[in-house]
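Structure, as structure tokens:
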Amino acid sequence: MMAENNLKMLKIQQCVVANKLPRNRPYVCNICFKHFETPSKLARHYLIHTGQKPFECDVCHKTFRQLVHLERHQLTHSLPFKCSICQRHFKNLKTFVKHQQLHNETYQNNVKQVRRLLEAKQEKSMYGVYNTFTTEERWALHPCSKSDPMYSMKRRKNIHACTICGKMFPSQSKLDRHVLIHTGQRPFKCVLCTKSFRQSTHLKIHQLTHSEERPFQCCFCQKGFKIQSKLLKHKQIHTRNKAFRALLLKKRRTESCPMPNKLNANQGGFENGEIGESEENNPLDVHSIYIVPFQCPKCEKCFESEQILNEHSCFPARGGKIPSRFKRSYNYKTIVKKILAKLKRARTKKLDNFQSEKKVFKKSFLRNYDLISGEQSSEQTQRTFVSSLGKHGTYKTTGNRKKKTLTLPFSWQNMGKNLKGILTTENILSIDNSVNKKDLSICGSSGEEFFNNCEVLQCGFSVPRENIRTRHKICPCDKCEKVFPSISKLKRHYLIHTGQRPFGCNICGKSFRQSAHLKRHEQTHNEKSPYASLCQVEFGNFNNLSNHPDNNVNYNASQQCQAPGVQKYEVSESDQMSGVKAESQDFIPGSTGCLPNVLLESEQSNPFCSYSEHQEKNDVFLYRCSVCAKSFRSPSKLERHYLIHAGQKPFECSVCGKTFRQAPHWKRHQLTHFKERPQGKVVCLRFG
């Protein structure tokens, strides 16, 4: 019945094509305006626009738009057509017929090839072979026996062919292993990583990757390998060497010792000594000789070639001689020139205060310290440091005393830990960049003249490396693995990850992560800028004041009007009665956030001024916190500040329950929950 219906449909289509009758399509889709012949086709077309698929498969629950598509899909679950040769299933009759034709073609081609071979071998004249063989296996492998037609027929019976791809195999086990490729099965599974393999040998090789065992060991250099093929490749390195091959082919003397050859400590290469020949082992057997081809005399490491051994050099011990090829690279003057060039580049790029210069010294100079300078005692270091400073210091007369001012770069103040042993124990610069108990003020300059002196460089940096490696980096961050010198800085860093900004401005409501940032921001709301030097030029930022060209401002600790919190330091030389004074180039803001209460002086202005004038300006801060000693202008700000110590946040959001310390923060947060619609209605985002 199905065949008859198909023939009728074909005849109708042929008649329509031959006569080219015009089709009448009165039914139009009101969405895409397509025309259809029948209402059923129009209804089926509407399913495309609605997205409905009414026909569902019972097995896999797939849906289809037409019944024909469902019937075609159901054939994939049943696969009614089965091949009797390779046991494969097909859902379509056409593909099944094509598949059977392939089997017939391969079978016919194989039969034709076998017949041609038999005819060609039978035509050849066979003569008697009188060769004798020691074993039956060698006789079976002889080519004359293979040319026998009776032998070839027996051989052909034992050939196992694959029914899928037609490949031939000598045994059934190999054929079964080959069939796994077509089926996709991997029966051998690893217990540790659940990887599967087709052969057991592959699984055993894979299991070696999980263990640290190296069963295959090189007999020359005792290096272990997990796979035998890698061991064979490694042995080619030994046999490829000319000196190694010469040793193998050379006649051994029985008088020489059987141990490995001696190594000369004065030479860097391998000394080819004579190796004794054992009575049991064959002298030409490579595996019976224990040879280390190229070995370093100091660290006793083995290398595969002489070139690698020449490139390798052990670091010379302290006080030892430097090789001639390293003398040029570790020249003392070239290192100082490189340091100065990098420092100039760092200044032009305007990097941070001292960290850039410190990194330059750390990477370029201290790396080569062991080759340049040996150990020095602390007394020698102090003498060389004071004598070198005497060449580059400047004298200044103040009253009846003649004082000497050191010209130190500002970055050396922060490297106080490296300057231990240079000054006496009373005058050592502390780690927190402050000075202890003596009149030692610091004035800044470019520092190029100071760095040109090699003695100062050698003395200033001839300290143990432990001071640099273990420089108070104790507290690491568990999120980004950054290291900080103190817990307070780590807590301040955690605010970046949490997103908190606890310090808010009362005027504009901006929030900041640090109190110093808030204080700097509050100066933008003031009418007058607080930071002004003696030239009466106002600045909006503290950094702009420090970069001012006329800013020759010094901390003066020798005046009578001593500001609170400033310490006196003095370093006296044995030759003179004058003290050594170091004056700072830049300001260091105090913990209170305002300008330090120190006396400012300039070389061009009057050095005598009263401290009371500066104190009158700061008398505005009347209300002081009893916990942290911070001062405020009004009691309301002091009360708000006390909330930080108490940990209270009185303003709570009614939507999400978050608490805030200030009302502007709470109002600004509430805007995140509400938004305006175009009609002017305000809708809460949480409750819709």
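The chain as shown is numbered from 1 upward.
Each residue, glycine too, has its Cβ placed from N, Cα and C.
The SUMO2 cross-link annotation in Swiss-Prot covers Lys11 (among others).
The SUMO2 cross-link annotation in Swiss-Prot covers Lys112 (among others) and rests on similarity to another entry.
Sequence annotations record features per position, and here Swiss-Prot assigns SUMO2 cross-link to Lys121 (among others) based on similarity to another entry.
Per Swiss-Prot, the feature SUMO2 cross-link maps to Lys146 (among others).
The SUMO2 cross-link annotation in Swiss-Prot covers Lys262 (among others) and rests on similarity to another entry.
The feature SUMO2 cross-link is assigned by Swiss-Prot to Lys420 (among others).
Among the features that Swiss-Prot reports, SUMO2 cross-link is placed at Lys437 (among others), with the record citing similarity to another entry.
As annotated by Swiss-Prot, SUMO2 cross-link applies to Lys681 (among others).
Residues or ranges marked as zinc finger in Swiss-Prot (evidence: sequence analysis): 27-49 (among others). Cβ atoms under 8 Å from those of the zinc finger (27-49) belong to residues 65-66 of the same chain, restricted to positions at least 6 beyond its ends.
Here the zinc finger (55-77) has a mean pLDDT of 88 out of 100. What Swiss-Prot lists as zinc finger is 55-77 (among others).
Residues of the same chain lying 6 or more positions beyond the ends of the zinc finger (81-103) and with a Cβ under 8 Å from any Cβ of it are 75, 163-164. Residues annotated as zinc finger in Swiss-Prot, with sequence analysis given as evidence: 81-103 (among others).
Per Swiss-Prot, the feature zinc finger maps to 160-182 (among others).
Swiss-Prot lists 188-210 (among others) with the feature zinc finger.
The feature zinc finger is assigned by Swiss-Prot to 216-238 (among others), with sequence analysis given as support.
Per Swiss-Prot, the feature zinc finger maps to 294-318 (among others); the stated evidence is sequence analysis.
Residues annotated as zinc finger in Swiss-Prot: 475-497 (among others).
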- Message: Do any residues, 6 or more residues outside the zinc finger (188-210), come within under 8 Å Cβ-to-Cβ of it, and if so which ones?
- Response: 177, 180-181, 226-227
- Message: From the DSSP assignment alone, can you count helix, strand and coil residues within the zinc finger (623-645)?
- Response: 11 helix, 4 strand, 8 coil
